[in-house]
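So that you can see what the record holds, here are the features copied from TrEMBL:
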type	residues	note
BINDING	Asp3, Arg152, Tyr156, Tyr157	L-histidine binding site
DOMAIN	14-169	domain 'Class II Histidinyl-tRNA synthetase (HisRS)-like catalytic core'
REGION	183-212	region 'Disordered'
DOMAIN	222-300	domain 'Anticodon-binding'
Amino acid sequence: DFDIAGQFDPMIPDAECLKILHEILSDLQLGDFLIKVNDRRILKGVFAACGIPESKFITTCSTVDKLDKMPWEEVRSEMVGEKGLSPEAADRIGEYVQLQGGLELVERLLQDPRLSQNKLAKEGLGDMKLLFEYLALFGITGKISFDLSLARGLDYYTGVIFEAVLLQQENHPVEEPVRVGSVAGGRRQAPHCGSPEGRSLPRVCPSPQASGQKVRTTETEVLVATPQKHLLAARLKLISELWDAGIKAEMLYKKDPKLLKQLQYCEDTGIPLAAIVGEQELMDGVVKLRDVATREEVRM
């Protein structure tokens, strides 16, 4: 189990969680797997666009979530026969919840005439697009599927939800792989989770003092930093390389943090090195490695 708590720019920590999950499942060598992702806002927007009242959101979610075990005809029958939806509304839902794909599906739904009129759906799809762009920089989109039928826990989660399933190839190699079952899951919850007063949870960076010396509070070896705006992609690519090489690295979960703030974070937490990549470094194909304590820099 792992969590990233705090208030950060959209989808950066979510992408990192999916990167970790992808790494764990790859290293465990359990066989082929797929990580399905969805978002409460998207499904809520889909239901609203299909004419489903708010009062039936939770019960419709629970039926849609059975699509990984039941064919659409049976799910539709339950919607109409047990949940009281009209056949027309059920058919409209069916057009969406059977869809699976990647960035191209997200972009297609952003142009959908029904969903483009719904604020929640547009918001959720905008974040899903961001997520897939970040996952592409991590190089893991091949194992990620945007799956509109994933609805587990969507009655109380507030954003992205994901679930990893193992796939099993049938005897004939050309056949579709069969989903064996869920082996991991995760979600984004409201920022006040765990706070009874409903306050958001701030990140705490303690710096205990011992004999007048600051004690390191992290094992992180290097912070990946950028000195200019619009370089998040460069940070994500570089940090992915470092992680894949087994180096303990982190970065701030902000799109455009100021360099001074990034270096101050290194000093506050005891991170010894900063790998800085700016526009000039990108052009030259190098990284500037800075010793935080001595402020000495070397281009590599």
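The backbone N, Cα and C atoms fix where each Cβ goes, and this holds for glycine too.
Annotations in TrEMBL come from automatic prediction, not curation.
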Arg152 (L-histidine binding site), Cβ-centred 10 Å count of other Cβ atoms over all protein chains shown, is 20
Mind checking how the domain 'Anticodon-binding' (222-300) divides into helix, strand and coil residues in DSSP? 30 helix, 17 strand, 32 coil
What is the Cβ neighbour count of Tyr157 (L-histidine binding site) at a 10 Å cut-off, with all protein chains included? 18
Asp3 (L-histidine binding site), Cβ-centred 10 Å count of other Cβ atoms over all protein chains shown, is 11
